[in-house]
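These come from TrEMBL:
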{"type": "REGION", "residues": "27-57", "note": "region 'Disordered'"}
{"type": "COMPBIAS", "residues": "40-57", "note": "compositional bias 'Acidic residues'"}
{"type": "TRANSMEM", "residues": "70-88", "note": "transmembrane segment"}
{"type": "BINDING", "residues": "GLY76, VAL79, ASN83, ASN341, LEU470, SER474", "note": "Na(+) binding site"}
{"type": "TRANSMEM", "residues": "100-121", "note": "transmembrane segment"}
{"type": "TRANSMEM", "residues": "142-169", "note": "transmembrane segment"}
{"type": "TRANSMEM", "residues": "226-247", "note": "transmembrane segment"}
{"type": "TRANSMEM", "residues": "259-282", "note": "transmembrane segment"}
{"type": "TRANSMEM", "residues": "302-323", "note": "transmembrane segment"}
{"type": "TRANSMEM", "residues": "335-356", "note": "transmembrane segment"}
{"type": "TRANSMEM", "residues": "458-483", "note": "transmembrane segment"}
{"type": "TRANSMEM", "residues": "495-513", "note": "transmembrane segment"}
{"type": "TRANSMEM", "residues": "533-550", "note": "transmembrane segment"}
{"type": "TRANSMEM", "residues": "571-594", "note": "transmembrane segment"}
{"type": "TRANSMEM", "residues": "614-639", "note": "transmembrane segment"}
Amino acid sequence: MPKNSKVVKRELDDEVIESVKDLLSNEDSSDDAFKKSELMVDDQEEKDVDVEEGSDVEDERPAWNSKLQYILAQVGFSVGLGNVWRFPYLCQKNGGGAYLVPYLILLLVIGIPLFFLELSVGQRIRRGSIGVWNYISPKLGGIGFASCVVCFFVALYYNVIIGWSLFYFSQSFQHPLPWDQCPLVKNTSHTFVEPECEKSSATTYYWYREALNISSSLSESGGLNWKMTICLLAAWVMVCLAMIKGIQSSGKIMYFSSLFPYVVLLCFLIRGLLLNGSLDGIRHMFTPKLEIMLEPKVWREAATQVFFALGLGFGGVIAFSSYNKRDNNCHFDAVLVSFINFFTSVLATLVVFAVLGFKANIINEKCVIQNSEKILKLLKTGNLSQDMIPHHINFSSITAEDYNLVYDIIQKVKEEEFDSLGLKSCQIEDELDKAVQGTGLAFIAFTEAMTHFPASPFWSVMFFLMLVNLGLGSMFGTIEGIITPIVDTFKVRKEILTVICCSVAFFIGLIFVQRSGNYFVTMFDDYSATLPLLIVVILENIAVTRIYGIEKFMEDLKDMLGFSPSQYYYYMWKYVSPSVLLCLLVASIVQMGLSPPGYNAWIEDMATEEFHSYPTWGMIVCISLMVLAILPVPIVFIVRRCNLIDDSSGSLASVSYKRGRIIKEPVNLEGDNTSLIHGKSPSEVPSPNFGKNIYRKQTGSPTLDTAPNGRYGIGYLMADMPD
């Protein structure tokens, strides 16, 4: 018995020691949890101590492997197809070199400040666009959803353009290039040139008939174009594989997709400068027309180009910056990426007009030869006198200068009957003044110029591979603007969401690879993004400067960057940028109202484009695109304003909307922690009994790491409290 008594006593002592250890460990963990909740709930001054520092989820958030990878990702997103085929057109149309002045001014006024703002909020809050704007103001949480909708609309047709580039890329591995000559048509009696091609040109015919096999109107679908359907599928497979692991997979591809276009542009520039007539194109490009610079239209188009060139409002900028460290110098990133974008546009403009100058020189030489032959015939028939022709003119090897001299003499002498002679003025400037943009530049004008290059297949392969990479870089940012906010908010697996998103987009995108698909691309490009994105960015600016508070935001930037940003940004964000954006919005609405809604249809019989107005159902689609894109903003505002979401439901959607309120609302920490998790005010819950609760875990009570979205529940509180 004594022995057994000792054994029992030893066991009892062990149990007492173990229970004390458990007691102390539980006390420590509970204290830690309570301290974390206190930091997250009450500290308005130091908003740095939020969910990111107290959550295991945040520690697991992906990060860029290096600063270079991040910069290349932002450059790849902002530098896209518009830099190659939109900026040169605007530069040529709006005063040549003089256009750079309003562009640079607006880049400094709205471009860099707003780009810096998006980088800052993404890096500060470390969420996608939905989480960022929910954090700042739950009532404006619809901004993030609107960005996702616009990204989805743009991705639908943007990847179609990549599909077109893939088709041309695949057709470039042959000599001569398939768009070099018009095809011949054989019948039972003789062979002749395809009439549609003969009336237009070889490259124009190849684009409209061989590549698109285009129908004559929007209403005439014509069925699927299977060549383009396969190319579209290939484009979506490439995007899906690159994005399936998020920045871990797409970040590595950025090294090639972002840098390769610069290699190609530099190669084209060097090659272009060696071509005959290239300097004429560059000289024409940068000859300033100062009188045009004063027109309001020039400033409106410059502001629109700045806005879209940097990818503002899409959510891709916020998504990419959310994977940064909190102390990253995002101000330096904003300035660097903005000016890289600008200089890329200038480089692309040099390349485009060097090549177009070469093309214009070739066309001008043909014009001189054809009209010189007409003059010789008129001399033989006696319609023109030999005395009018200067003695040094040799029509067998006449130059453009000599021809223009003869042309001017004939025009003065035969002033009354000059029009009946059928002579043309062969001026290289007239050819360069023909403004070409978009697909007309890439798939018609540039491809025609490349047919005259030595080793033309090589240059064609390089050019269309560059277009594919430019498109993919922008697509990565666009898809990231969809995936990241949804993953952050609803906690779905990124791999599954990426596959679903790309699959749905491919099947919806089949409307763009019908024979009438090019007209739908034009419709989406004109109506799905412009006005919605302007509204989104205006609301972003208001959310930060008016609702969150510009002074508080400047303090956050100082804490995050380690230095105070220039007061220049304070005044830009608070006064100048919103004013300019509102003016741009009004101007865009007026321009849209004055311009008849329609599209350029290709008429096969005449082999030319003809403007068609949208049918009634087409107008409904255009309006629906704009309404659907901006609809999330009022819906979320009404839902939050009227408290239509049950906060106790624990649904993912309701959790995401409650983020920022508790940071701004004072909370009585004397209440029980569990009241915060359940969304009750402290007055509704009895005072805590720390003697009983803090030392043991109650069954059925929520713990700090079992919030509906996997983060600490304390960050999503009291959304029902009155403002």
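Heads up, the Cβ atoms here are built off N, Cα and C, so glycines get one too.
Keep in mind that TrEMBL annotations are predicted by a computer and have not been checked by a curator.
Sequence features annotated in TrEMBL and their locations in the structure.
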residue : record             : contacts (Cβ under 8 Å, 6+ apart)
GLY76   : Na(+) binding site : MET254, SER257, SER258, LEU472, GLY473, SER474, PHE476, GLY477
VAL79   : Na(+) binding site : SER258, PRO261, ILE340, ASN341, THR344, LEU470, GLY473, SER474
ASN83   : Na(+) binding site : ALA309, ASN341, THR344, SER345, ALA348, LEU470
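Highlighted: of the candidate stretches 70-88, 226-247, 302-323, 335-356, 70-88 has the greatest count of Cβ pairs under 8 Å to the transmembrane segment (458-483). Note on the transmembrane segment (571-594): residues 106, 109-110, 113-114, 117, 296, 300, 303-304, 307, 530-531, 534-535, 537-538, 541-542, 544-545, 550, 553 of its chain, located 6 or more positions outside it, place their CB under 8 angstroms from a CB of the stretch. A Cβ within 8 Å of the Cβ centre of GLY76, VAL79, ASN83, ASN341, LEU470, SER474, the residues given for Na(+), is found for these other residues of the same chain: VAL75, PHE77, SER78, GLY80, LEU81, GLY82, SER258, PRO261, THR344, GLY473. There are 24 other Cβ atoms within 10 Å of the Cβ belonging to ASN341 (Na(+) binding site). The stretch in 100-121, 226-247, 335-356, 533-550, 614-639 that contributes the largest number of Cβ pairs under 8 Å to the transmembrane segment (259-282) is 335-356.
Within the same chain, residues 81, 128-134, 211, 227-228, 231-232, 234-236, 238-239, 313-316, 439, 442-443, 447, 460-461, 464-465, 467-468, 471-472, 474-475, 478-479, 481-482, 485-486, 501, 505, 508-509, 512-513, 517, 520-521, 524-525, 528-529, 532-533, 535-536, 539-540, 543, 625, 628-637 sit at least 6 positions outside the transmembrane segment (142-169) and bring their C-beta atoms closer than 8 Å to a C-beta of that stretch. The stretches the transmembrane segment (335-356) and the transmembrane segment (100-121) are in mutual contact, each linked to the other by at least three Cβ pairs under 8 Å (pairs 6 or more apart in sequence).
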